[in-house]
Structures are given as C-alpha cells and as structure tokens.
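A short worksheet on the structure shown next.
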Amino acid sequence: MASLRLPRANPLAFTRWPVTVITAIVYLALLIPLLVVHHVVPSAPSSPPSGLNISEAWADLQVLTNGFHPYNSRRNDVIHSWLLRRINEILDSTPLEQEYRALDEEKPDVFVFDDVYSNLTTYGGTLKDADLGVYFEGTNVIVYIRGWEDDTEHWWEAPNGVPTSRGGVLVNSHYDSVSTGFGATDDGVGVVTCLQLVKYFTTPGHAPRRGLVVLFNNGEEDFLNGARVYSQHPISKLPHTFLNLEGAGAGGRATLFRSSDFEVTGPYMRSPHPFGSVLSANGFDTGLIASQTDYVIFQGNMGLRGLDVAFMEPRARYHTNQDDTRHTSKDSVWHMLSAAVATTEGLVSDSTDRFDGAPNTDGGVPSGSGSQAVWFDLFGSTFVLFQLHTLFALLVTLLIVGPLTLLFTSIALTKADKMYLFRSSAKSEDRLDVVPLQGLRGFFRFPFLFGIPTVVTVGLAYLVTKVNPYIIHSSAYAVWSMMVAAWVFLAWFVSRVADFARPSAFHRIYTLTWMYVLSWVSAVIATVYANQRGLAGGYFIFFFHAGIFLAKWISYLELFALPSKTEYANQLRSASGRASGHGSRRGTTSGEDDGEEAEEEPTESTSLLGSGQRTTFANYVRVGGDNHAVAEEEVIDPNVYGREQAWSYALPKWTWVLQLLLTAPITLIMVGPLALLTISAISQTGQDGGHPLFAYVAIAIFTTIMLTPLLPFIHRYTYHVPLFLLAVFLGTLIYNLVAFPFSDSNRLKLYYVQEVDLDTGVNSATFAGLSPFVKDVSQELPSAAGQTVSCEWHTKRRNLLSCSWEGIAPQPVEGDHPMKDWVSFNISKSTDKPQARFEVSGLNTRACRILFDTPVKNFHVAGSAYDPRFPYDAAGVNEIRLWSRTWENQWTVDVDWDEGALKGNVVCLWSDHNQPGVLPALDEAIQFLPVWAAVTKGSDGLVEGRRAFEIGNDD
C-alpha cells in the first residue's frame with residue numbers, strides 16, 4: 001500500500017476554499033462600507049457647535065420651500081422679503097459687546113445690502129449660445145461681516161473705491177427655484193446654510209479674520225444671472241476666494257464638485273464628512289458635464305479662487321416637485337452645513353498672502369494663482385489632498401523604478417539559476433540530461449481570461465442599450481449585478497478551462513505580468529494627461545499600478561524559494577536512477593501534455609491515490625514490471641497542487657494573500673467611490689437627451705477595473721460562487737431586458753411649455769421627452785383626446801421628442817384683458833439707417849424676449865451697465881432676454897442690423913404656478929400624468945405669449 005504524506009490544514013494555502021473565502025471576505029468587507037458611505041448620510045448631531053442651530057435651519061427650509069419661487073413669480077418677492085427679515089432677526093439676536101471681549105475679540109460689524117440697483121447686459125448665457133443677449137436686473141441680498149483685519153472705512157461708498165486689506169471670502173447660494181420645483185436642495189439647503197453661516201460668524205468666538213461676504217443671489221436658474229449681476233456691486237471687489245453651495249439632486253451627501261486649486265481646497269479638509277473626487281472636476285473641464293453653476297462666473301469671469309459643493313443625486317427629482325423637504329433630511333442639511341462651516345472658517349482665518357497676487361483673468365480681482373490639485377475622500381471620513389505635480393512625480397518615479405526593480409530582480413534570479421519564467425527545460429549538472437520545466441505554460445491565457453469577460457460585459461452594454469436602454473434610470477444596481485456576475489463567472493470559467501487543459505503554477509505571476517504591462521501603459525497615459533492637460537482624475541491609476549507592481553515583485557521574490565534549475569534537474573536524474581532498478585520509465589511531469597486529457601482533474605473529492613499512473617514528488621510515473629504487478633511504494637508530494645509543475649512544491653503557499661491585499665483593497669478603495677459617484681451622476685441623464693450607452697459602458701469599464709485583481713487567483717475558486725453568480729446574471733439579464741424603466745421614485749422627466757399666439761389666440765402645449773413615452777403620455781391627457789398629437793424631434797434638446805397639442809387656454813393675467821394686450825410693444829425705426837427702438841412690456845410679468853428671424857448686429861438696453869469681463873464677441877444676436885425687478889416694467893431696447901427688413905416676435909413669459917387654475921393645461925398634465933412621469937420646466941416660462949413684428953425697408 002502506498003504511503004501518503006498528508007499536509008497540515010493551512011487556512012492561508014493557495015487552494016480552493018481559502019482562496020474562495022478570503023477573496024470574498026476582502027471584497028465584501030470593502031464594497032459594503034463603500035455602498036453605505038455612498039447612500040447613508042451621517043447623522044446630524046443632537047448638540048451642534050455653538051452658533052449653529054439645525055432645527056432652526058430646517059424650519060427655515062420649510063418656509064423657503066412652501067411654494068414655487070422662480071425669479072418671475074410673486075412668491076420670489078415674498079422670499080426676498082423673508083430673507084431680509086431672517087437676516088435682521090439673526091443679527092438682532094447677537095449678544096452684547098462684553099461677551100465678545102471676554103473671548104479677546106471685537107464684535108464684528110455687519111452690513112446688509114439689499115441690492116435692488118445693479119443691472120447688467122451679458123451675452124451667450126451659460127450654454128455658449130453666441131446669438132443670445134441678456135439684460136438682467138438683480139435683487140440680490142448681500143451680507144458683509146467685516147473681518148478684524150479688514151479696512152474700517154466704508155470704502156464701497158466711494159466712487160471707484162477698492163479695499164486695501166487682504167482679500168475676503170464669498171459664500172454663495174441662490175434663493176430662486178425653478179418654476180416646477182420647490183427648491184429644497186436646489187438651492188434651499190444652500191440658502192439656510194448661508195443663514196446659519198451669518199449666525200455662526202456673528203457668534204462670540206467665531207469672528208472672522210478676513211471679511212466674509214454671504215451672497216443670496218436671485219436668478220441662478222435663468223442662466224446664472226444673479227451671480228453675473230453681483231459683479232456690479234462694489235462689495236464684489238473684496239472677496240478673493242469663494243465657496244459656492246448648489247444642488248442638482250434631492251438629499252444625500254453634498255459632494256465637492258470642483259475646486260480651482262490646491263491652496264483653496266485645503267480648508268475643505270476640515271470637513272467632518274468630506275465627499276468627492278477630482279474626477280468630477282475633470283468632467284467639467286473636458287465638457288462631459290454640460291450643466292454649470294455660479295462657480296463659472298466667480299472663477300471664470302471674476303477671477304476668484306474657490307470651491308463648488310453641491311448635491312448631485314437623484315437627478316430624477318431635480319427640478320421637479322419632489323425637490324422638497326419630504327425628499328431630503330436634516331442629515332443632508334447638516335452634511336452641507338458642516339462642510340460649509342469648516343471650509344469657510346479655514347478661509348476666513350487664513351493669515352497668509354497666498355490668496356493675494358496678480359489677477360488670473362482680465363479684469364479679475366487680484367487673487368493670485370494656485371497650484372493644480374488632486375483630491376478625493378476615503379470612506380467619507382478622510383480627505384486626501386496633494387498637488388498635481390506631486391502625482392506627476394510619483395507616476396514618473398513608479399514608471400521608471402518599477403521596471404528597473406523587476407529587471408534587477410530578474411538578473412539576480414538568473415545568476416542564482418532560479419529564473420524558471422519562460423524556460424521550457426533545464427539541464428543536469430553534467431549537462432547530459434534535459435528535463436522539462438514547462439515554465440512558459442500559462443503565459444498566453446491572460447488575453448482570454450481578461451478579454452472574454454470584458455468583451456461580453458461591453459456587449460451586454462450594447463444589448464441593453466438596444467433592447468431596454470433606460471432601465472438604468474430606475475435599476476442601476478440590477479445593471480451592476482448583471483455586469484459583475486457575468487464578468488466573474490466568465491473569468492472563472494475561462495480560467496478553469498485553461499487550468500484543466502494546461503495547469504500551471506505560474507498562472508499567478510503571468511497574470512500579474514500582463515496586469516503590470518496594462519497598468520504601466522495606463523500610468524503613462526495618466527502621466528501625459530496630468531502634465532499636458534492638467535487632468536488629475538487618473539490619480540487612481542497610480543495606486544492601482546503601485547499595488548500590481550508590488551504584487552508582481554512578490555511573485556519574482558517567490559522564485560528564490562525554488563531550487564536552482566540545475567539542482568532540480570539533478571533531483572530528477574537521481575530519482576530516475578532509483579526508479580530504473582524497478583523497471584520504471586521516465587514519465588511526464590504533472591503538467592505534461594501527454595495523457596492529460598485522459599486524466600481526471602483532481603478536486604477536493606478526488607482520491608489521493610487516483611487511478612492509472614501515480615506520480616512521485618518528482619513527478620516520475622512508477623509502473624510495475626508488468627501491467628498486473630502491484631505498484632511499488634511511492635511518495636506523493638502534497639505541496640504540488642493538482643497537476644502543476646513538480647518544482648512548484650518549493651513555492652511559498654501564503655504569499656498570494658499578501659498579493660491580494662496589495663491589489664484588491666487599493667483598487668476598490670480608489671475606484672469604487674469613483675464608480676458609484678459617476679454612475680449616480682449619469683445613470684439618469686438619458687431623460688435629458690444624453691445617450692444611455694455611455695452609462696452602460698462606464699459600468700462595464702468600472703466592473704473590469706474593480707474585478708481585475710481577482711484574475712491571478714480566480715482559477716482556484718470553488719464552483720459555488722461562480723454558479724451562484726451565473727444564476728444572478730441570468731435573472732438580472734432577463735429583468736434588465738423586459739422591466740419597465742421608470743417608477744414613482746425614479747420618474748421620467750417631461751419638459752413642459754405652453755406657447756400662445758396672442759394675435760390669434762391659438763395655443764400649443766408641448767411635452768419634450770423620451771420616445772415613445774412622451775407621445776403615449778401626451779395622447780392620454782383629456783385635452784388631447786380627439787386631437788392629433790404632433791411629434792417631432794426637439795431642435796435644441798438632443799435625442800428628445802417634442803409632442804404638441806392644443807391645450808387649455810392659460811389665464812396668467814387677471815381681469816378681462818384681451819390676449820393681445822398681454823404683450824405690448826412699440827417700434828420706432830430710424831429714417832436714415834437700419835436701426836430701431838423697441839419699447840416692450842407685459843402684463844403680470846417681469847420677463848420678456850425679443851426674437852429675430854435674422855441676427856441683429858448689436859443692441860442696447862436703456863440704463864444698462866456693461867462689463868468687459870462679459871464681452872460681446874458674436875457675429876450677431878438672434879434673441880434678447882429682458883429681466884426686470886419691477887412688475888410690468890417697460891424696457892427700451894435699441895437695435896441695429898444690416899440692410900433689409902427685420903422680422904421676429906416679441907415674447908413675454910409667465911412662470912408662476914402657485915395658484916391652481918392660472919395654468920390649467922399644466923394643472924391637467926400634473927393631475928393625469930402616470931405615477932412614473934414628472935413635469936419639469938421646458939423653458940424659462942411655463943407660458944410664453946408671442947406677437948409678431950416686421951420692420952420693412954420703408955418703415
């Protein structure tokens with residue numbers, strides 16, 4: 001009977017159950033916290049710091065969101081007055097001077113500006129519409145808390161007065177909402193945060209060193225007009241840095257969208273719950289994110305340096321009636337508030353001159369320039385910040401040191417005669433015998449191991465996009481599950497097939513070699529982009545590449561544990577000599593091709609004795625003198641796994657754990673939050689006209705990156721996890737292909753506007769949205785019954801279908817005024833040149849437009865200010881937008897054009913939907929929409945009434 005040497009149980013051995021269990025534990029131990037951090041907002045403290053009151057902030061938010069309050073609504077004026085009262089209440093509640101002196105500080109002077117004087121003409125909006133001109137009158141509310149290092153004079157009252165102290169700090173929010181949303185997170189939380197900042201920095205112990213300007217701007221939703229007109233107020237010359245508070249979702253965590261530089265980002269590190277990645281900033285820089293915030297005005301036009309902090313999901317509630325307090329929480333308020341307090345406190349307490357220097361834009365404030373930054377959070381509790389040139393240096397160093405280290409290690413292995421890699425055979429000491437090493441086995445499997453799962457997941461992205469493109473809107477995690485399950489199962493299946501056909505102890509090192517090459521190339525690309533384009537979003541590649549390099553180096557160091565190739569050949573010859581006395585012949589090693597197909601793959605349940613030929617530790621096959629003889633006593637080396645190469649008995653059995661810990665955790669920690677953040681941001685952009693394929697391919701790419709660290713080990717998996725994932729894949733695939741893509745918690749947004757020809761009384765209500773859903777919804781409305789709903793592709797919103805029908809006539813103007821009187825205009829044409837003066841007004845509105853069929857060369861609004869920081873560089877203007885702080889105001893606009901007639905329309909807007917019955921077509925749409933659909937504004941006005949004009953050559 002054969003004697004067996006059974007190995008001791010090793011919980012870290014590179015065998016099936018340890019590999020399956022440990023890798024599963026590592027992935028789950030990291031993925032679960034990442035998901036929790038992404039979806040669970042830290043609880044607000046029961047006892048907030050001195051100077052802050054969360055309950056008060058929540059009560060303010062409820063008042064602010066008790067109705068729609070766009071700029072062109074009566075409630076907007078109510079909110080404006082309420083803000084002034086709240087600010088005065090906060091300032092009136094500040095303690096006496098003695099309490100400040102007890103803390104060795106002076107009570108700060110506070111100035112409140114109700115800016116109902118500033119106006120401005122700008123061009124292009126935020127969408128780079130070259131043919132657009134905008135005149136806007138602001139109603140901003142500005143609070144200036146004087147810093148104890150600031151000028152004590154009222155310099156802003158002097159003509160052309162400028163501050164002589166160091167630059168101050170601006171914190172901005174906007175108090176207007178869209179006409180279809182209550183504005184809880186866009187931007188109600190920002191507004192109540194600013195109110196709390198006024199309270200905090202006027203509380204004893206928090207007096208600022210630098211001046212603090214808190215801006216409540218009005219008109220952000222209509223192309224950032226409030227921030228633009230703020231530039232005309234004298235106090236705007238004081239701040240050099242800023243913090244912009246914004247919202248593009250409903251609840252959740254407030255993320256750091258972007259920042260201008262390393263120095264200004266530093267104070268954000270004080271935040272107790274930092275959240276965000278520089279990758280989102282790169283999205284804005286490269287144009288992948290098209291929407292904008294007031295950040296671009298402060299940083300791009302005014303030359304300030306600052307940060308953009310905003311809520312960013314779920315986008316389905318953004319600009320709808322679900323952007324309310326019901327769908328946010330005190331915890332979300334605290335998350336933004338705590339970040340704002342920490343960041344602002346860091347900025348106003350700065351005692352250096354790093355935010356003072358030459359202007360970085362023409363006409364900008366003298367804020368100097370900063371260094372480009374790399375930043376990201378770790379589990380929502382730690383913020384990592386360093387300069388971009390540091391990342392560049394680290395990448396270059398790793399790109400050079402890594403290959404050199406591996407080269408020198410290879411040389412050392414070669415000198416020690418232990419370089420088994422890529423070696424097919426070895427010679428004995430006397431060089432008479434040649435023994436097989438099979439050192440190349442396993443090298444060529446990685447392209448299949450990596451390529452097949454990746455190609456299939458990308459193929460799934462195309463399949464779902466073709467069959468059910470918007471399922472990701474409501475079921476992003478079903479898509480994630482499908483991709484992950486398919487990738488893991490296919491990677492395991494391919495690796496098991498390869499391992500069955502050609503088992504190799506070098507599967508790990510060769511897989512890591514391929515991974516190292518791919519990550520090295522990725523690091524080169526990241527280095528080039530960081531150096532030439534200033535894009536820091538590839539920072540995760542450095543950590544990914546570093547982990548793979550160390551794991552690969554460990555595999556190289558493992559080879560030192562092997563016998564020299566000559567020594568191994570001598571062992572085989574010695575074993576052959578001992579066996580020849582028994583009539584044995586030299587057989588194949590455990591990984592030889594000959595006879596592999598007939599040999600059953602060893603598993604945990606396979607007999608150690610097996611059947612047929614049996615091998616010794618040196619993998620020589622013992623056979624009896626004849627086929628009926630009893631086999632000689634043999635020794636089976638348990639340190640050789642399955643049918644892998646015999647020399648692998650000497651390889652360490654535990655180092656794979658170290659390699660796993662060097663590759664998987666760092667990849668998940670770096671890439672996991674990016675994946676969640678990115679998909680949360682783009683999964684619901686299909687309803688806005690974005691192509692859904694991008695989101696699915698992004699999931700496939702992130703899946704591949706996060707699961708690639710499994711490839712060196714996955715061939716050791718038991719079948720249990722892969723087969724379970726196969727079932728998950730089949731179930732989620734079917735669901736993703738057939739399920740309805742929208743739900744009452746993830747609604748499809750439909751863009752609404754009603755256009756009225758005031759000369760004829762004919763109106764057209766329009767929904768713009770995804771086909772075929774928008775057409776189905778439009779046809780089901782009672783007012784559309786019996787009509788032919790006309791649908792055509794939207795001219796401005798890409799990939800959206802615009803469906804129109806004759807709606808119920810609106811009643812935005814009280815009284816019995818004829819429709820054509822809703823908009824009034826008078827045109828006076830010059831007698832000697834192509835110039836004309838328009839006098840325009842509208843009833844119960846403060847927003848109108850002049851549209852031209854052919855562009856005018858220039859225009860001027862009477863009484864308007866102009867600013868070279870907002871230059872006019874277009875060939876002509878097709879549209880002039882007019883905004884007034886006064887209801888039923890009359891604008892006087894002079895235009896000039898080339899020779900010929902001038903045709904167009906004068907349009908006025910109505911955006912107030914707080915009173916039922918005023919806009920009955922919209923009331924009907926909201927009442928009869930299915931639960932999975934939501935209304936959002938399709939234009940600045942919910943109702944747009946127009947009257948045509950024509951100026952002939954002889955007029």
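Every residue gets a Cβ built from N, Cα and C, even glycine.
Record check: Swiss-Prot places H174, D186 at the Zn(2+) 1 site, and the matching candidate among E106, E137, E246 is E246. Record check, Swiss-Prot: Zn(2+) 2 site residues include D186, E221, and the candidate from H80, H319, H327 also listed there is H319. With respect to the membrane, I472 and F506 are annotated on opposite faces, judging by the topological domain names in Swiss-Prot. Take the transmembrane segment (391-411) and the stretches 509-529, 534-554, 657-677, 694-714: counting Cβ pairs under 8 Å, 534-554 has the most. Residue environment of H174 (Zn(2+) 1 binding site) contains 31 other Cβ atoms, counted within 10 Å of its Cβ in all protein chains.
Regional average pLDDT for the topological domain 'Cytoplasmic' (412-442) in the model is 90. A C-beta separation below 8 Å, combined with a sequence spacing of at least six in one chain, links E246 (Zn(2+) 1 binding site) to S173, D186, D187, G190, F257, T293, D294, Y295, D308, V309, A310, F311. E220 (active site, proton acceptor) counts 28 other C-beta atoms within 10 Å of its own C-beta, drawing on all protein chains shown. Taking a C-beta cut-off of under 8 angstroms and a sequence separation of 6 or more, Y318 (site 'Transition state stabilizer') has the following same-chain neighbours: G181, D186, G247, A248, G249, A250.
Proximity of the transmembrane segment (443-463) to the transmembrane segment (534-554) is not established, fewer than 3 Cβ-Cβ distances being under 8 Å for residue pairs spaced 6 or more apart. In this structure the C-alpha atoms belonging to H174 (Zn(2+) 1 binding site) and E220 (active site, proton acceptor) are separated by 6 Å.
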